[in-house]
Amino acid sequence: MQTEHVILLNAQGVPTGTLEKYAAHTADTLLHLAFSSWLFNAKGQLLVTRRALSKKAWPGVWTNSVCGHPQLGESSEDAVIRRCRYELGVEITPPESIYPDFRYRATDPRGIVENEVCPVFAARTTSALQINDDEVMDYQWCDLADVLRGIDATPWAFSPWMVMQATNREARIRLSAFTQLK
C-alpha cells in the first residue's frame, strides 16, 4: 500500500494541507480528517476489532470495526470501503452516515494524541473476512447490546472514540437499525 497522508484541518474544518500519516500522530497531533466505521454481518452482529500491537496509537485496544483517513480527492465513504478491504479483506454495502459531526481529541497512555474530525459510518459486510494481521490482532462478532453494556460498564476497555460514539444517543439509535436482519 502506498504511503498514506492525513488531511490537515483548521478549527473550522477547512483543509489546510497534508502530512504523512505516521508523522502526523505525535504528542502534538494537528486537527485532521478521519472516519470511523461500524460493520455488521447478515446476523446483525457487530464486528469489534483489537488493534495490532504495531499500531502507533492505542496498540492492542479493542475498538469498532475499522477507522482511517480519507486521502486527497477521496470521499469518506470511498475511504471506508478502501480501509475495509485493506484491514479486513471484506466487501461492504455502501456506508451510511450515523454520526456525521463527530469530533474528538484523546491521548493514549504513551502520549500519542488523536485529534480528529471523524464522521462515523455503518455498513453491512457482504463477504468473508480476511484479516490483515498488521492492522488487526483479534476480532469478535458480538451482539450490539452486549457491546454497549460493556462500554457502559468498562469504558476503559475500549478505544476512546468508540466509547464517545457509542454513548451518543442518536448514533446508538442508528446503529441499532443495523442489528435488524435484512
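Yeah, the Cβs are placed from backbone N, Cα and C, and that goes for glycine too.
Listed in Swiss-Prot:
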BINDING   H25, H32, H69, E114, E116  Mn(2+) binding site
DOMAIN    30-164  domain 'Nudix hydrolase'
BINDING   C67, E87  Mg(2+) binding site
ACT_SITE  C67  active site
ACT_SITE  E116  active site
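Features recorded in Swiss-Prot, as mapped to the structure shown.
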residue : record              : DSSP class
H25     : Mn(2+) binding site : coil
H32     : Mn(2+) binding site : strand
C67     : Mg(2+) binding site : strand
E87     : Mg(2+) binding site : helix
E114    : Mn(2+) binding site : strand
>> Can you name every residue in this chain, apart from H25, H32, H69, E114, E116, with its Cβ inside 8 Å of the center of the Cβ atoms of the recorded Mn(2+) site?
In response: V6, K21, A24, T29, L33, A34, N115, C118
> C-alpha of C67 (Mg(2+) binding site) to C-alpha of E114 (Mn(2+) binding site): distance in Å?
Replying inline: 12
>> In whole Å, how far does the CA atom of E87 (Mg(2+) binding site) lie from that of H32 (Mn(2+) binding site)?
In response: 21
> Around H32 (Mn(2+) binding site), how many other CB atoms lie within 10 A of its CB?
Replying inline: 25
>> With every protein chain in view, what's the tally of Cβ atoms within 10 Å of the Cβ of E116 (Mn(2+) binding site), excluding that atom itself?
In response: 23
